[in-house]
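*Asks:* The structure's right below; bear with me while I get my questions together.
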Amino acid sequence: MELLIILFIAVIGISFLCSVLESVILSTNFSYISVLEQNNPIAGKLLKNLKTDIDSSIASILILNTIANTLGATAIGVQAQNVFNGDKTLVMFVSIVLTFAILFFAEIIPKTIGAVYWKQLAPFAARAIRFFVLLTYPIIKTTQFVTKKIKGNDNSDSISREELIHTTLLSEEEGVIGDLESDIIENTLTLNEIKIKDILTPRSVMYSVNKNTIIKDVLEDKRTYKFSRVPVYDESIDNIVGVVLTKKLFKQAIRDTNATMESIMKPLFALNENIPVGKALNKFIQKKEHMFLVLDNYDQTEGLITLEDCIETLLGLEIMDELDTTADMRRLALNKMKAKRKERASKEA
């Protein structure tokens, strides 16, 4: 009877452990592994290797679990017949008890524990699974060929942008991250889908001056004081040749108000209107600039884009400094167009 109980506990115990380990390794994600590598380098690296070679990890667990269930059940059946002298009713009762015990104590309960407490169990699971892999290595190599053929080129471990955005939204709903953090993550993932033509300041509301204009005349225009940078053109707005910082403009005005804008301007780099916001943001960082001219496919001036515009897109917020008087320059341009149409229509009437 003692041997029967020992076999019973051994089968349930091994199956319990295998189910917990399987649930933990499947629940663990690479983002958590990266964090674990910083806090526990040994366990993190080991878990990363096991997760990367998921076939070997799962195979070792399933092999031991199958051996425990199959051989264990057979041994328990034989021992039950010896203990109960071949009484079919009692042997059947032992089989039923074993079946339900395996179902609850070796499947449902351990897998639930592994799914809920996988973060706490991950370091232990890494070492245990590694031991299982070494123990069943010859069998794994035999079965690995078959599993690789079944898996093929499946990249199910990779996470799509849509899945990452959905995960972010779920984390926000559960209170794991805040609203602003969620918006930044979501906006970051869509930076390469938004073109700079969608966020630029249109040419119709651009304030720019001729390169031959003297500083005195520029200072008499009230619009000068609303912007930190003033684009400079030659003959027409479609030929922007540079930009002047208003701070530099004011400093030069102290020395010589008759100097031209051309004498104090700096180059203004241009970007095509179809460039993604993410790429434009990289250009701002590389060039160490705060403003770019935006051209269409025919090299005509489409508008201006600033570093502030890109950051607003990233944060999902409207940033206004002490010089800003209008929150949305694109809306201002649209309103101006509507006003011109009404004026034209009234004249025609």
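Numbers run from 1 along the shown chain.
Every residue, even glycine, has its Cβ placed from backbone N, Cα and C.
Relevant sequence annotations retrieved from TrEMBL are reproduced here:
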{"type": "DOMAIN", "residues": "1-181", "note": "domain 'CNNM transmembrane'"}
{"type": "TRANSMEM", "residues": "58-78", "note": "transmembrane segment"}
{"type": "TRANSMEM", "residues": "90-109", "note": "transmembrane segment"}
{"type": "DOMAIN", "residues": "200-260", "note": "domain 'CBS'"}
{"type": "DOMAIN", "residues": "264-322", "note": "domain 'CBS'"}
*Asks:* Are there residues at least six beyond either end of the transmembrane segment (58-78) with Cβ under 8 Å to its Cβ atoms? List them, or say none.
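*Replies:* Sequence-remote neighbours of the transmembrane segment (58-78) are 4, 7-8, 10-11, 14-15, 18-19, 21-22, 25-26, 91, 94-95, 98, 102, 106, 129, 132-133, 135-136, 139-140, 143-144, 147.
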*Asks:* Can you tell me which parts of the same chain pack against the transmembrane segment (90-109), counting only residues 6+ beyond its ends and a CB-CB cutoff under 8 A?
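*Replies:* Beyond its ends, the transmembrane segment (90-109) has Cβ neighbours at 4, 8, 11-12, 15-16, 18-19, 69, 73, 76-77, 80-81, 84.
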*Asks:* Note the mean pLDDT of the domain 'CBS' (264-322), expressed as a whole number.
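*Replies:* PLDDT averaged over the stretch: 87.
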*Asks:* Under DSSP, the domain 'CBS' (264-322) has how many residues in helix, strand and coil?
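*Replies:* Within the domain 'CBS' (264-322) the tally stands at 20 helix, 16 strand, 23 coil.
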